[in-house]
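One structure is given here, and the rest of the page talks about it.
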Amino acid sequence: MKPSIHSLTHQTMQEWVLEQGEKKFRADQIWEWLYRKRVQSFEEMTNLSKDLIAKLNDQFVVNPLKQGIVQESADGTVKYLFELPDGMLIETVLMRQHYGLSVCVTTQVGCNIGCTFCASGLIKKQRDLNNGEIVAQIMLVQKYFAERGQDERVNHIVVMGIGEPFDNYNNVLNFFRTINDDKGMAIGARHITVSTSGLAHKIRNFADEGVQVNLAVSLHAPNNELRSSIMKINRAFPIEKLFAAIEYYIETTNRRVTFEYIMLNEVNDGVEQALELAELLKNIKKLSYVNLIPYTPVSEHDQYSRSPKERVLAFYDTLKKKGVNCVVRQEHGTDIDAAYGQLRSNTMKRDRQKAVAAVNP
């Protein structure tokens, strides 16, 4: 199976071109065709020699993904189901924000983190995506708009799709290098956010990388007992270890950390939990931000329900009174398979039902 050309960073593209006996500037030409002109085949690269095009075709594919189901919401949110070369399925979501187009990408097929409220973890991790498969998600979103005559450019990226990004650390870092490169997509590092469920050692590594990409942490509970009950990752990286890593990140980078907090009715959404959260953040309050997330129900996790508006507001008000910067996140795509992983999970469920029906008519 040939890799995607998108799996090369600009530096490794230059190295490959030199290995083929070509001049280094050919890498810039290929890069421009891929990321500025967004071609879908090597034959469209008209300023390259036939010999170089043949080498590209022999060693790479342009697009490793096949577009499947597309769901478009009334609010402009678009959810894509993509098929990988090995037949596995992933999801990508485009959201329209007041500041532009934001794409949420997937980094793994399935997830092993085991959050008990999340649709993404319904199917265990099968494998990591390589850099090219992550980049290709953005390229296909751009292609989707180009085919409709919509001259819109993706300018924000959130790495919050299926999987734990820091469990696929090197591929995710190369993804950042590719999309941030000023000769390519030129998406500013501060327009990119990566979210982790709390791999403390990787947070420390990330602090030392010196990149300007934003960090978000999926916290969802203010104490170990509650967090371990809804996120098994907390047993490996309890809050004390996690926050030591977060404090190291802040001290090293002087950058703000966003804390994701999903609102589960009468589970983690009480005023007492808000007070605990404020206490937990008191030493890093100036460089922390809490994102309160309304829960999207998942049929397989029917033990949870959405927090009523009054409980969300009481939680929000409590944090505000304690001086914690926070917001209730705007919802997107509530009229489609909204929770991350639902489109993929529901599609696979329907496929299994069809297979069973075919065997037992």
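Every residue, even glycine, has its Cβ placed from backbone N, Cα and C.
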Swiss-Prot records G163, E164, S218, L219, H220, T296 as S-adenosyl-L-methionine-binding residues. Which of S102, S195, S307 is assigned to the same site?
S195
Fewest neighbouring Cβ atoms within 10 Å among the binding-site residues C111, C115, C118, L219 goes to C115
What residues, ordered by sequence, lie under 8 A Cβ-to-Cβ from S195 (S-adenosyl-L-methionine binding site) and sit at least six positions away in the same chain?
V158, V159, M160, P165, L215, A216, V217, S218, E260
Cβ atoms within 10 Å, counted per site: which of S218, T296 has the most, among these binding-site residues?
S218
Across all chains shown, how many C-beta atoms besides its own are within 10 angstroms of the C-beta of G163 (S-adenosyl-L-methionine binding site)?
29
Measure from the Cα of T296 (S-adenosyl-L-methionine binding site) to the Cα of every one of the recorded positions E91, C111, C115, then give the nearest.
C115
